[in-house]
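K.L.:
Structure below; questions to follow.
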Amino acid sequence: MKKSYYLFNPGRLSRKDNTLQFTPVDEQGKEGPCRYIPVETVSDLYVFGNLDANSAMYNFLGKNGISAHFFDYYEHYTGSFFAKDYLLAGKMQVEQTRHYTLRNKRMVLAQKFVEGAAFNMLKNLRYYNNREKDLAQIISQIEGYATQISATSEVAELMGIEGNIRQTYYAAFDTIVSGFTMVNRSKRPPLNEVNVLISFGNMMCYSVCMDMIYHTQLNPTISFLHEPGTRRYSLALDLAEIFKPVLVDRTIFRVLNKKEIQPNDFMTDINGCVLKESGKKVFVKAFEERLKETIKHRTLSKSVSYKHLVKLECYKLSKHILNIEEYKPFKIWW
Amino acid sequence: MYVVVVYDIGELRVARMLKLCRKYLNWIQNSVFEGEITEVKLKEMLSKAREIMDLDYDSIIIFKSREHKWLDKQIVGVARSQIDNFL
């Protein structure tokens with residue numbers, strides 16, 4: 001199985017002897033001992049530090065089908081380098097667009113995304129409710145909202161419900177996480193520690209979804225729940241809805257409750273809060289472990305990793321679009 | 001599959017072997033590589049290695065382990081290279 005590589009240290013990545021070479025550079029500009037990365041084992045690169053690279057390296061990445069995702073100082077996602085599309089399918093493109101333009105077809109998919117997301121969020125809450133955290137009220141409130149999903153006829157209306165669900169869900173974070181308070185969801189910039197982790201995690205989840213979509217024939221720009229905009233892979237946002245509770249929120253609860261991330265892993269900036277490199281590393285490591293974790297798949301009757309689940313979701317979506325099998329959103333079944 | 005690959009190759013050809021192995025596995029010591037690899041990728045690597053090798057003189061030894069966790073690795077002295085995926 002190919003691995004993701006995470007680049008935190010500033011340095012230079014270059015093509016050398018048909019593989020990748022990474023030379024770390026410290027603050028004084030002094031080069032450290034270089035390390036070779038076996039190119040055959042790389043699935044993608046997540047670049048958090050400053051990276052020096054030239055086009056020969058990118059050409060090489062492109063040839064090997066490796067994508068690189070970039071993040072800025074505030075760990076916002078800034079963009080990706082993708083190898084040339086290698087799975088082109090006109091039929092899929094046409095059908096996907098048709099599912100977007102026909103309102104009833106679009107609503108079916110959009111509702112399923114919200115339904116899956118709500119189900120997975122409830123699953124998280126119930127888990128903690130059984131562990132002496134009183135969340136009964138929040139659970140019943142979300143269940144109430146979830147029943148309204150199927151009655152919606154407009155995407156805007158559905159997004160409203162989705163917003164309500166998420167707001168109620170985030171209100172439970174203060175009960176679940178000990179030692180930190182979240183108060184309200186704040187973005188751009190996130191104002192406190194829990195919000196920083198949510199933003200950071202969501203962005204990681206978004207990149208994973210995007211990468212998986214890239215390896216299927218789906219067009220990442222045509223989405224159903226989110227409005228397809230410009231310069232955005234909005235289909236990844238749709239998919240991320242379902243997986244955020246499973247991948248991101250569980251990881252956040254873990255790192256905070258097990259005290260793997262401490263208050264001194266954060267830095268309070270002039271306006272907002274950022275995760276220090278030490279914190280980033282811990283979180284990414286936990287997230288990576290989460291992605292690698294395997295579960296026994298019921299219908300496939302074999303072990304699959306969480307990361308592969310995202311890809312399976314893309315396959316299910318393709319099948320729905322091509323009218324082979326109706327799409328059922330991923331719901332945690334254990 | 002997790003493997004440790006050790007080779008003993010004539011001086012003339014050893015650099016090419018080093019470069020080949022670097023593409024598939026992590027370098028840990030002179031002539032020693034280790035890492036996660038699939039059955040097919042290992043086959044691919046070995047077939048390329050055969051082209052480099054003088055089969056009457058050189059040799060490669062592969063230690064296979066089903067998973068990383070079944071491998072008990074102990075280092076005495078200096079660890080030459082990190083092999084994790086956090087750089």
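Glycine is treated like the rest: Cβ placed from N, Cα and C.
In case it's useful when we look at the structure, here is the feature table from TrEMBL:
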{"type": "BINDING", "residues": "A:Glu162, A:His226, A:Glu241", "note": "Mn(2+) binding site"}
K.L.:
So around the Mn(2+) site, A:Glu162, A:His226, A:Glu241 aside, which residues have their CB within 8 A of the centroid of those CB atoms?
P.N.:
A:Ala110, A:Phe113, A:Val114, A:Ala117, A:Met159, A:Leu225, A:Leu237, A:Asp238
K.L.:
Around A:Glu241 (Mn(2+) binding site), which residues of its chain at least 6 apart sit with Cβ under 8 Å of its Cβ?
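P.N.:
Sequence-distant Cβ neighbours: A:Phe113, A:Val114, A:Gly116, A:Ala117, A:Glu162, A:Leu225.
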K.L.:
Sort out the sequence-distant neighbours of A:His226 (Mn(2+) binding site) for me: same chain, 6+ apart, CB within less than 8 Å of its CB, listed by position.
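P.N.:
Same-chain residues close to A:His226 (Mn(2+) binding site) (Cβ under 8 Å, separated by 6 or more) are A:Ser234, A:Leu237, A:Asp238.
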